[in-house]
Amino acid sequence: MANIVVVGTQWGDEGKGKIVDMLAEKADMVTRFQGGNNAGHTVVVDGTQTITHLIPSGILQNKTCLIGNGVVVDPKVLLEEVDKLLGMGVEINADNLLISERAQIIMPYHQAMDHAREAKKGAQKIGTTGRGIGPCYEDKAARKGVRFVDLLDPAVFDSMVREACEEKNFLLTEFFKADPVDPDAIIAEYTEYAKRLAPHVVDVSVVLNQGVKDGKQVLFEGAQGTHLDIDHGTYPFVTSSNTVAGNVCAGSGVGPGQVNEVLGIVKAYTTRVGMGPFPTELEDEVGNRIQEKGAEFGATTGRRRRCGWLDMVLLEATARLNGLTGVAITKLDVLGGLDSLNICTAYECEGETLNFFPADLKVLAKCKPVYETMPGWTEDISGVRNFDDLPENARNYLNRVEELLGAPIKIISVGPGRDETMVVKDPFAG
């Protein structure tokens, strides 16, 4: 038995939703610990695609799903998601969907600030999703954010919203030259959300720790990817939370000793949405082919993902930052049909070889990938369910990735469906 944290190893969009959905079958509790509705986790069951943005993917397996204190929650989006899932026949109640009373709430003024800032930056924008995630985390750090425990106290909530709107409206109108927000409308709208969500609000830390004491298996579901981490990512082209495995404790209220396994989700190639350096990016027919075959469009934004070869310099940093105990390789099938495959094993920058991912984006922008080339395969592998049945060149590719990464491959995904997966070793077995 083990408690597992699942993290993205690249720039997000690695296929975490599918893997979490599969692992949830053996889990008792599934927990989100950071991020907001800027994440989109896609699950395909019996040909039906379901995308969740806030509710943990485990809800489709009727598991106890928890939204930790490290998550920033847009209650409107959350309730829209609840209603959509209920309409699909998914059971959601106050027993299987629990929200931390300490979780921060995204307010309309956060979204207004997000849009106003991006508009003012113009060409220098960082590519935010505009959902108010960053401004909400800012208010949290400034100790003036609204938590669920505050939302459920009408007098406290009223006072906090009016004070916040006074400050935000000054910035919106005077500095950004944007429209103000209406505190009365916000209070009325969010009071209705409070009525529906109140039964779901609990102390998630207490629930989780009691579950662990009772021998329940917990799956912690990360959002985005390691290199979007606010501290360790390609700053400032990052998200506003810590996406690495170490944040699972702070973001959900459990101790480090209660996390046994760290499973990194590795897409068989690399993708990135939005701005920022991308050393292995392919801006040719191969890149277009991968983009089209892999259907590389953001589940949350619909934006086209930039595509490139697998980057082991990037992944070395990921393994080091997260302490990976295993990996799941996704979208291996997308590489089928290519004559040869490249794996980036180092960077070359102004005559020097770099083996570690640089923090300075000016340096990263100058980095050229040093490639190791391997033969590809032509066979359709979407029906393969055992590692030994994969084409020899596919096995060689995976073995080389495992060797370079220094962490065992435990799961291989060869298609979007729940059944298009092979388990090399059960992560819950440790």
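Any Cβ shown, glycine's included, is placed from N, Cα and C.
As annotated by Swiss-Prot, GTP binding site applies to 12-18, 40-42, Arg305, 331-333, 413-415. If you look up Swiss-Prot, you'll see Asp13, Gly40 marked as Mg(2+) binding site. Summarising the annotation, Swiss-Prot assigns IMP binding site to Asp13, Glu14, Gly15, Lys16, Asn38, Ala39, Gly40, His41, Thr129, Arg143, Gln224, Thr239, Arg303 and lists sequence analysis as the type of evidence. The active site, proton acceptor annotation in Swiss-Prot covers Asp13. As annotated by Swiss-Prot, active site, proton donor applies to His41. Sequence annotations record features per position, and here Swiss-Prot assigns substrate binding site to Ala299, Thr300, Thr301, Gly302, Arg303, Arg304, Arg305 based on sequence analysis.
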Candidates Asp13, Thr129, Thr301, Arg305 (binding-site residues) - the one closest to Thr42 (GTP binding site) by CA: Asp13
Which binding-site residues sit within 10 Å of Gly12 (GTP binding site) - Cα, from Thr129, Gln224, Thr301, Arg303, Arg304: Gln224
Rounded Cα-Cα span from Leu332 (GTP binding site) to Thr129 (IMP binding site), Å: 28
Top Cα neighbour of Gln224 (IMP binding site) in the set of binding-site residues Thr301, Gly302, Arg304, Val414: Thr301
Shortest C-alpha distance to Gly302 (substrate binding site) - which of the binding-site residues Asp13, Gly15, Leu332, Val414: Asp13
Alpha-carbon distance [Gly40 (Mg(2+) binding site); Gly15 (GTP binding site)] in Å: 10
Fewest other Cβ within 10 angstroms of its own Cβ, chosen from the binding-site residues Gly12, Gly40, Gly302: Gly302
Cβ neighbours of Gly15 (GTP binding site) where a neighbour is any other Cβ within 10 Å: 20
Candidates Arg304, Arg305: member of the binding-site residues with the richest Cβ shell (10 Å): Arg305
Residue among binding-site residues Lys18, Gly40, Val414 with Cα closest to the Cα of Arg303 (IMP binding site): Gly40
Spatially closest candidate among Asp13, Lys18, Arg305, Leu332, Val414, the listed binding-site residues, to Asn38 (IMP binding site) (Cα to Cα): Asp13
Lowest local Cβ density (other Cβ within 10 Å) among binding-site residues: Asn38, Thr129, Gln224, Thr301: Thr301
